[in-house]
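Undergrad: Quick paste from Swiss-Prot:
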- GLY10: diphosphate binding site (BINDING)
- ASP101: Mg(2+) binding site (BINDING)
- ASP102: site 'Important for catalytic activity and substrate specificity' (SITE)
- LYS123: site 'Important for catalytic activity' (SITE)
- THR124, ILE125, ASP126, ARG161, MET168, GLY169, ARG170, GLU220, ARG257, HIS263, THR264, ILE265, ARG266: substrate binding site (BINDING)
- ASP126: active site, proton acceptor (ACT_SITE)
Amino acid sequence: MKIGVLTGGGDAPGLNIAVYTFVKLAERKHEVYAIYHGWRGLLNKEVKRVSSRDLLDFAFSGGTYIRTSRTNPFKDEERARLLESNVKELGLDVVVAIGGDDTLGAAGEAQRRGILDAVGIPKTIDNDVYGTDYTIGFDSAVNAAIEATESFKTTLISHERIGVVEVMGREAGWIALFTGLSTMADAVLIPERPASWDSVAKRVKEAYNERRWALVVVSEGIKEYGGPKDEYGHSRLGGVGNELAEYIERSTGIEARAVVLGHTIRGVPPTAFDRILAVRYATAAYEAVENGRYGVMVAYSNGDIAYVPIVDVVGKNRLVSGYWMRLYETYWPDLAG
């Protein structure tokens, strides 16, 4: 068989290991092709046969060696026809798509239309792909966010300030929650739990009066801003951390500073957890291909690897809920809007 591998959407630590592992396993029996720049690579025929030897030197770095894009191959029927034509010309039988909801959704649509068979691997630092407990990149991003927050905390203590740390998270507050819990932040704001900024200001002022510094962690997605959208209709996010810091300073009269971690936590080397997760996911994807199990996404469920139909995953988000929401409300019960 001819198998294509692509990475779509935002980059995340662990992508290169997933690609390398799949290629290393599949090249024993099949021709494996790197599809560069995600789905755009199939529209532009940016496809090249690769071996594990080509990928080994980059396997343990952040980012994605085979590049990525946010191109939607089904934005219109003209693109869809071009995709189908190119797939036939290239002779591809299967695509292994590594990405978040949009990338996986395109894989599912390609499967549904009979353009080519597809297997999905969940990846995003936001950890919001439905149907799996963990996505490639989340653990690495959280560890980077924790390290940066602890460094920021030392300056808050030294200068006796209130600090606001803004982290990524469009719909889901997993990074903010895990970072806040790990650094014992005085307040954490996540998209799933509307919070009163007056309550936040009151809480951090109380903390500041106790020890002369305070810390807030906020998810970028608690407030969307207008402006350009990508091809999947998502707004550009960012800036809420600075706005919240200004609000706290006005409300309390205490100097407040904000830092936006942004893309810096996305490009770090993968942690041990993400490395092993990427290997497990890639191995499961290979086994799915070998067994003709298509239209599925590999998933992590209670420590085991499982398969979930892609159609059951796309269009949904895994949000902070259940146990994790109870934990949030236990630590920060006084932030309700």
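Positions of Cβ are set from backbone N, Cα and C atoms, glycine also.
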Undergrad: Return one of helix, strand or coil for ARG170 (substrate binding site), based on DSSP.
TA: coil
Undergrad: Which has the fewest other CB atoms in a 10 Å radius around its CB: THR124, ASP126, ARG170, THR264, ARG266, the listed binding-site residues?
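TA: Taking THR124, ASP126, ARG170, THR264, ARG266 as the binding-site residues, the minimal 10 Å Cβ count falls on THR264.
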Undergrad: What does the structure give for the C-alpha distance between GLY10 (diphosphate binding site) and THR124 (substrate binding site)? Integer Å is fine.
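TA: Taking the Cα atoms only, GLY10 (diphosphate binding site) lies 7 Å from THR124 (substrate binding site).
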Undergrad: For ARG170 (substrate binding site) and ASP101 (Mg(2+) binding site), determine the Cα separation and express it in whole Å.
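TA: Distance between the two Cα atoms comes out at 12 Å.
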Undergrad: What three-state secondary structure does DSSP assign to LYS123 (site 'Important for catalytic activity')?
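TA: The residue in question, LYS123 (site 'Important for catalytic activity'), is strand (DSSP, three-state).
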Undergrad: Based on Cβ atoms within 10 Å, give me the single least packed residue among the recorded positions LYS123, ARG257.
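TA: Each of the recorded positions LYS123, ARG257 was scored; lowest Cβ tally within 10 Å is ARG257.
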Undergrad: Across all the protein chains here, work out how many other Cβ atoms are within 10 Å of the Cβ of GLY10 (diphosphate binding site).
TA: 19
Undergrad: What binding-site residues in the list ASP101, MET168, ARG257, THR264, ARG266 lie within 10 angstroms of LYS123 (site 'Important for catalytic activity'), counting C-alpha atoms?
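TA: Those close enough are ASP101.
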Undergrad: Show me the subset of ASP126, MET168, ARG257, THR264, ARG266 whose Cα is within 10 Å of ASP101 (Mg(2+) binding site); these are the binding-site residues I mean.
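TA: Of everything listed, nothing lies within 10 Å of ASP101 (Mg(2+) binding site) (Cα to Cα).
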Undergrad: Is it possible to get the count of other C-beta atoms within 10 angstroms of the C-beta of MET168 (substrate binding site)?
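TA: The answer is 25.
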